[in-house]
Structure formats: C-alpha cells, structure tokens
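Just below is one structure, and these are the notes that go with it.
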Amino acid sequence: MGSNFLGASGYDISIYHGCLRLGQSMNFISGIPVLFGWIMYTGGPTPAVANWTMVGGLSTIVSLSMAEIAAAMPVAGGMGWICVVPGVQQGSTNFLLGAIEIAYPDATIVSQGWFAWLLTAIGMFFAMAPNIISQRVLRLYFRFATFIFFTLFLLFWIWFPVQTALTGQFQSRAGVFNHFYNGINGGETKQASDAYTWIIGILFGAWVFYGYDASAHLAEETHDASVVVAKGMWISTLTAWVLSVPTLIIILFCIQDFDGIISATYSNNWAEYLVQTIGSKGAVAILSILWIDSTCAAASCFMSAQRVTFAISRDGVLPFSKYFRKLSKNKIPVNAAFLVCGLSIAITCAVIGSSVAFSAITATATIATNFSYLIPIVARHTVGRKSFTPAQWNLGRYSLPLGIVAGIYILFLFVVLLLPQLYPVTATTLNYAPICIGIVTIVSLVGWILPFGLGGRYWFKGPKKTIEMDESRQAVSKQQEAPVHLQ
C-alpha cells in the first residue's frame, strides 16, 4: 500500500525504496542508565519499577493508536525534528565523561562546558555519517547497533548479578519493592510531598518510551510500508517494555550502596553504580560501550530528523527548501542531513554557558514531541472519523477505546513534564520548558498570521504534488485489500 498511497497523494517515489523490514525500538539499554541517577533521588527503586512498568504499558497503547494512522498514510514525515537529536547525543556524552572521570579522577577538563560540547559535536558527526553514505552502510550500521545492544543486554543480565554474587550482596526484596526516597527537596523545609515525587518519577520512563513515529519517517523507503511501519511501531514498543522491566529489576537488586549513588558527583551517577557493582575497570568498559550504543541511538534519531527535513522541504515549508529536498546519487537527502547536523551542534552550544539552558531546550523538544502525538489521535476520532480510511492493518473496534486511553495519558504526561523537578525553585532549578513552549507557540502563531503575504497561511497550501494527476491515478493499485482487524 505504501507506493499506492504515495502515488495517490501526488508524490513520486524519489527517495531510495529499498528497506525490506523496519522496526524502531526504544533503546532502554542506554535509556535506563541515562536517568538512573536521577530516578534514585526522585523516588528511589520502588517508583522506578512502578512508574517504568506503567509508562511502558501506556506507551504501548499510544504506539498502537499511532500505528493505525501510520498504516493508513505511509509517507515520510512526522512530528519530531531537530531538538531531540542533541539531547540524545548529550546523554551519550555523559557516559563518556563518566568513563573519563573514573579513569582520570584529577582531570579538570572534564568539568569544562566546552569539552562536553566538543565531545557531543564529535558524536554528532558519527551519528550523521551512516545517514549520508548509502542505505547499505546504514543497514550495516544498525546491525552493528543491534549487536552492541544485545551485548549490553547480556552483560546486564549476566555480569552484574554474577559479580554481585561473588563480591557483593544483593538488595533485599524490600530494598527494591518497598524503598522510597524523596530527594528533590534541597531546602530546609519539605516543599515537595512524597506523592508529588512519585508523579515526577513518571518521567523516568517517559523520557525513553517515545518516538513512536520514527518508523514512519522511513515509510517511503520500505516495501509493504503500510503493514511493516505499523508493526514496527507497536511491536518494538511492546518488546522494549517486556524486556526492560526485568532488566531494571536486575539492576536494582545489584545496588550495593544507595546513599553512595545519590551523593556521587559524576556527570552521570550511573558511573557510581557501576564502580560499586563491577569495579572501576569494568565501569569504564561498560560506560564506553554505552557511549557507542547511545551514539547509535542518536544516529537513529538523526535519521528520523533527516527524513522529516526532507519531507517538509518537499512541501516547501523550510527556507531554501529546494536545496534541502535534493537527493544524492544514492537517493539519500544529504543536504537535509547537513542541516540537521548544523542545527544540532548549534543547539549543543548552550551547554557551554549553561546546562540549564540546554536542558530547557531538550525538555521542550520532549514535551512538544509527546504532545504532538495527541493531535493525529484526536483528529482520527473527531474531525476525521468519517473520512479516515483504515488500512489493511487496523485496530478495528479497539481503535476508539485505545485512542481515549492514549489521549488521557499524553495529556497527563504533558502536565507532568511542565512541573518543577527540584525544590526550592530557583533560577537554576526552575523548569524553563513552559517558558520555551510559550515562546515557540507565539513564534509559530506569528509566523502563521503575518500580513502582506509573509505568513504561512498565504504560502503554505499543504502537500505539494510532484507528479501529475494522470500519473497519480496510474500509481493507485487496482486491487483493494480487505481490512484485517486486530482481534
């Protein structure tokens, strides 16, 4: 159905159409370590397990609702764009910084903002490289990423518990399933209640379980995209959820010194956990592999941003769209990749002057991305309920109830993402994301309503057809496939 939909929509199949199978998984194997130190003082082990399990289940529901829409419209595009990429790569950089801090504890350069920016920029080039060479290189790259993922997965499942059994002591059952810690109060008084801390802890999973639309960004490069993209969305989310919960529990049972973790001063206090569990040399090795793994994850986010840049440039949305929609001889949007890389590196410059500014930018991207999933889900069941034509793969009678649950969860998560995460609230602990969201919203509205033909309402007329109507009709399949409902 993918090629038929492109033809019916007036698009020619210009981008390379050679991906046979597609599945975009939430990379929990580096996602858990990225936020491990944070969740330990924002609730501790028990909220970590409970919130991760809940968020994973709800995210699977969101992925099902998004998959139904993607199956019906398998075309490049999506909600996520630039700001997600530098956030992921910065998390990768923190792994590398942690390894350097362990190996060279007296090195003062590690604490310099420019050094973190330099490592992040270098990582960005590594993330871009496979996305501009060829589809073959990209496939090999992600096979390598899969190998690294499962290597870490086995190390977490085997090395951690075996080493703990040999040289340490496992946490008790109560130490994992009945251990709460409210560490977000930094003042003399307890301003944030325990219930509030539980709610904020939801972000531990929410910052990992999103990006459902990533598979859709490669829809035009995928055979049988209608089915493959949809399955790639919900199966990868479900798989990540099922595998990540026991992985997290194993990690928590191997904690040796909880107080040491929350009081450590590494760039990422996951480094302290590793030192306690497997020693300094083992910690450096794991952190180095995690840097590779999360850089591969950044490459995946880069790929999504690159394809979205190509798609919106094809419709004339960006300045100099004619340049950014050009394809290389391998039918890859290389110019779009250069734009993504340049903007991503520019955004990471914020970390030189203030980590607060950089956090505000990346948090805004997370909020906007999550909230953007609500728009197509709501539209599918309201203004589009009569015009929406389900694809071969669809949710059938489960579509509406799953859509309602997904919508409620996204709205709740949107509110939580705007809340302060540390108290007392000061200039350095304030969650600036609401301010950034307000600025982005105002700029977008002004850009839309500008007079004298400058506003988007004058020049943006929707998707631009790249083939004529006769060709479009010829591209539509003569045989209609019978819908297959989710039983």
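Note: Cβ is positioned from N, Cα and C throughout, glycine not excepted.
Look at TrEMBL and you will find 114-133 (among others) tagged as transmembrane segment.
With a threshold of 8 Å between CB atoms, the same-chain residues lying at least 6 positions outside the transmembrane segment (140-160) that come near it are 27, 29-30, 130, 243, 247, 250-251, 254, 277-278, 282, 286, 289-290, 292-293, 296-297, 299-300. The transmembrane segment annotation in TrEMBL covers 140-160 (among others).
The annotation transmembrane segment is assigned in TrEMBL to 195-212 (among others). Here the transmembrane segment (195-212) has Cβ contacts under 8 Å with residues 24, 26-28, 31-32, 34-35, 38-39, 42-43, 47-48, 51-52, 54-56, 59, 62-63, 66-67, 80, 84, 180, 182, 184, 233, 237, 240-241, 301, 304, 366, 369-370, 373, 413, 416-417, 419, 421 of the same chain, all six or more residues outside its ends.
Here the transmembrane segment (233-253) has long-range neighbours at 23-29, 31-32, 36, 45, 48-49, 52-53, 56-57, 59-60, 63-64, 66-67, 70, 153, 156-157, 160-161, 164, 170-171, 175-176, 209, 212-213, 215-216, 273, meaning same-chain residues at least 6 beyond its ends whose C-beta is under 8 angstroms from one of its own. Annotated transmembrane segment per TrEMBL: 233-253 (among others), in sequence order.
With a threshold of 8 Å between CB atoms, the same-chain residues lying at least 6 positions outside the transmembrane segment (273-292) that come near it are 30, 33, 36-37, 92-93, 95-96, 98-99, 102-103, 123, 148, 151-152, 155, 159-160, 163-164, 168, 251, 254-257, 260-261. Residues or ranges marked as transmembrane segment by TrEMBL: 273-292 (among others).
Same-chain residues lying 6+ beyond the ends of the transmembrane segment (332-353) with a Cβ under 8 Å from its Cβ atoms: 15-16, 82-83, 85-86, 89-90, 113-114, 116-117, 120-121, 124-125, 128, 131-135, 302, 305-307, 309-310, 313, 323-326, 361. Taken from TrEMBL, the feature transmembrane segment covers 332-353 (among others).
Look at TrEMBL and you will find 359-379 (among others) tagged as transmembrane segment. With a cut-off of 8 Å between Cβ atoms, the residues of this chain six or more beyond the transmembrane segment (359-379) that come close are 62, 65-66, 69, 79-80, 82-84, 86-87, 90, 206-207, 210-213, 347, 350, 403, 406-407, 410-411, 413-414, 417-418, 431-433, 435-437, 440.
Annotation source TrEMBL lists transmembrane segment at 400-420 (among others).
Annotation comment: TrEMBL describes 432-455 (among others) as transmembrane segment. Cβ atoms under 8 Å from those of the transmembrane segment (432-455) belong to residues 356-357, 359-361, 363-364, 367-368, 417-418 of the same chain, restricted to positions at least 6 beyond its ends.
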